[in-house]
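**Student:** Dropping the structure in here first, questions after.
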Amino acid sequence: MTGEPVNVNEFRELARQALPKMYYDFYTGGAEDQCTLKENEEAFRRIIIQPRILRNVRCIDLSTTVLGYNISMPVMIAPTSLQKLANPEGEIATARAASSCNTIMVLSTSSTYSLEEVAACCDAIRFFQLYVYKRRDISAKLVQRAENNGYKAIVLTVDSPRLGRREADVKNKLVVPPLKNLEGLLPTKFVSDEKGSGLAALASGTLDASFCWEDITWLKSITNLPILIKGVLTREDAIKALEVGVDGMIVSNHGGRQLDYSPATISVLEEVVDAVGGKVPVLVDGGIRRGTDIFKALALGAQAVLVGRAVVYGLAAKGEKGVNRVLEMLKEELELTMALSGCCSVKEISRSHVRTKHDQQLRSML
């Protein structure tokens, strides 16, 4: 590719050129047939934006708040594991870019820098993503370390009692580098076998498949931090999450990497938002590649979106500068979309600004 990238998909191509095939496949791949992976993006394309004309849009304000923290735009960095595979500076570079862009970074438990190292590198607002392990004391220690190092929330991933079958990683026999957050707590080197990748071996040997709704009470008892659960896809689970007292929800299918043929996140976002009824913030990730995608998610009720693969593409292509550019690119695209749609602030983006396939079906019945 010649010239500087002008959109996220061009950053993806630069990442492909920069990375070994094993690592590129790890970041871009999904579970089994990759239907959900593809549908995450395709579902956005079926949503139509309905602009308002003749509005004064000379000044556009993209700022918003999440759990009371002010950020420059409704775009956060999703927890993405093993970032040193993309660039030697890994999560350090990503955190610094988050700080420069005044947004929130969610650090993965499976990071290649420790949560202490990331906390010390800059003043970014940081949340910590948590897996619950068979040994609950390990999860408790991670939560305590996050709280002691200034992380502002716990993001509990709830869609991974087992790891989804990511066939590219199986074929490539993915090698997992040492996970810094788990040093001294668990074996940090797992070797793949003929049945799976090193990451699958790590998950099957450590994750607690018995963790359930009742255990949220345990998690709340060991921290004063707000808890968001990541992996909600249905109205029923949204209602249950409210009942157990979570502080926020992330509509997520793990980037299409867990259960294939689960729904695209944007297609179920409104169902979750309606069930929550404004009681806690609802965020969404999955398939977000354009400012128009962010606009559509906000119109359907998300308070903000999280981007993961797009950030990794920038990191692989150009390090910290690449992450900065990806975030700024999405911000610029969202600002343009808002202006062309007649919205001066994110608060003005409403349900009436989009038409979904369901809306179109209803209209055809009238």
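Positions of Cβ are set from backbone N, Cα and C atoms, glycine also.
Nobody curates TrEMBL annotations by hand; they come from automatic prediction.
As annotated in TrEMBL:
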DOMAIN    1-359  domain 'FMN hydroxy acid dehydrogenase'
BINDING   SER108, GLN129, THR157, LYS230, SER252, ASP285, GLY286, GLY287, ILE288, ARG289, GLY308, ARG309  FMN binding site
BINDING   TYR131, ARG166, HIS254, ARG257  glyoxylate binding site
ACT_SITE  HIS254  active site, proton acceptor
**Student:** Show which residues of the chain containing SER252 (FMN binding site), separated from it by at least 6 in sequence, have their CB under 8 Å from its CB.
**Tutor:** ASP159, LYS230, GLY231, VAL232, LEU233, THR265, VAL284, ASP285, GLY286, LEU306
**Student:** Using only the Cα atoms of TYR131, ARG166, HIS254, ARG257, which the record gives as binding glyoxylate, return the largest interatomic distance in Å, rounded to a whole number.
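**Tutor:** Pairwise Cα check on TYR131, ARG166, HIS254, ARG257 gives a maximum of 19 Å.
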**Student:** If you measure every Cα to Cα distance among SER108, GLN129, THR157, LYS230, SER252, ASP285, GLY286, GLY287, ILE288, ARG289, GLY308, ARG309, the residues said to bind FMN, what is the biggest one in Å?
**Tutor:** 22
**Student:** Using Cβ atoms only, which residues of the same chain lie under 8 Å from TYR131 (glyoxylate binding site) while being at least 6 residues apart in sequence?
**Tutor:** THR109, SER110, SER139, THR157, SER160, LEU207
**Student:** Using a 10 angstroms cut-off on Cβ to Cβ distances, just flag whichever of GLY286, GLY308 is the loneliest among these binding-site residues.
**Tutor:** GLY308
**Student:** Could you measure between HIS254 (glyoxylate binding site) and SER108 (FMN binding site) for me? Cα positions, answer in whole angstrom.
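**Tutor:** Checking the Cα atoms of HIS254 (glyoxylate binding site) and SER108 (FMN binding site) gives a distance of 12 Å.
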**Student:** For ARG257 (glyoxylate binding site), which residues in the same chain are close in space, meaning a Cβ under 8 Å from its Cβ, but six or more apart along the sequence?
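**Tutor:** Counting only residues 6 or more apart in sequence, the Cβ neighbours of ARG257 (glyoxylate binding site) under 8 Å are GLY29, GLY30, ALA31, LEU37, GLY164, ARG166.
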